[in-house]
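Enquirer: Can you keep this structure in mind? I'll have questions shortly.
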């Protein structure tokens, strides 16, 4: 019962946040400089008649009150109608569908690559605590966090194009962007896996398994892997959301036709409907992904369910991730 209530609460919270994002996107359009009528007509106001201007305003609903305009905006949004681009005259929804796949592909590929690299390295760092491999992994993680993604991207692009003289579209528009975004994300996951595993290695469950004569591989797979990975799920939700924002810089650096590239191009041309669409896409994606991550954590983590079922024990059953910083 408590789980159902918690799921409903998170879903309602998601709807409220999406509503706020939609309203902010509407306000952004109204506060933006310039007149959309001028942009649509592609003419100076002095060169068009008053009838043309008024007809365009009526078509856009600009003569209505702000409240009525907001109501029409929300109604159109529910029907996936974001208007048309000032530049190409195409529906904004269709433009987003054309540009979104590459952004989503890069983001999810970055997530997979980061997990495949960081979980094994985090386990190695914890199992070889304070040894050379642990120190090397920690130094690399610190450098990855310290360096901005665009700086890493510039270095990789220089190495591949100038020093190695490799000219490949797949390399420059997929492999390098994924590698650039993965380095920073790997650092956080490695530190979290290492910290959680160091705590678990001292737990009674591990000690009991060793007393029963179980080998280290069995202990790692059956006793340590699940509780080590569970705290990563909320971090993945946050990281995947931030990856979408990070692609704004990376896509422009590597000239990738994704949402980030579209957003910057629309800002330059003051194509406000497309800007609205990009902001809504990024905002909706971040909120939905974080909600899914919260629900997965709730369903998979028994400690979360125990706390929901007995709120009085909330302070007595801390999550691993809450004390992980002391062992970092």
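Positions of Cβ are set from backbone N, Cα and C atoms, glycine also.
Quick paste of what Swiss-Prot says about this protein:
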- 11-31: transmembrane segment (TRANSMEM)
- 100-297: domain 'ABC transmembrane type-1' (DOMAIN)
- 104-124: transmembrane segment (TRANSMEM)
- 139-159: transmembrane segment (TRANSMEM)
- 170-190: transmembrane segment (TRANSMEM)
- 229-249: transmembrane segment (TRANSMEM)
- 279-299: transmembrane segment (TRANSMEM)
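Buried or exposed, and what's around them? Tell me for each listed feature.
Expert: Same-chain residues lying 6 or more positions outside the transmembrane segment (11-31) and placing a CB less than 8 Å from one of its CB atoms are 66, 69-70, 73-74, 77, 272-273, 275-276, 279-280, 283-284, 287-288, 291.
Remote same-chain partners of the transmembrane segment (104-124), defined as residues 6 or more beyond its termini with a Cβ less than 8 Å from a stretch Cβ, comprise 133-134, 137, 174, 177-179, 181-182, 185-187, 189-194, 197, 220, 228-229, 232, 236, 239-240, 243-244, 247, 250-251, 256, 258.
Sequence-distant contacts of the transmembrane segment (229-249), counting only residues of its own chain at least 6 positions beyond either end whose CB sits under 8 Å from a CB of the stretch, comprise 103, 106-108, 110-111, 114-115, 119, 149-150, 177, 181, 185, 188-189, 192-193, 196, 256, 258-260, 263-264, 282, 285-287, 289-290, 292-294, 296-297, 300-301, 319-321, 324.
Only residues 6 or more beyond the boundaries of the transmembrane segment (279-299), in the same chain, are considered here, and those with a CB under 8 A from a CB of the stretch are 3, 6-7, 10-11, 13-14, 17-18, 21-22, 25, 28, 77, 82, 96, 100, 230, 233-234, 236-238, 240-242, 244-245, 259, 263, 305, 308.
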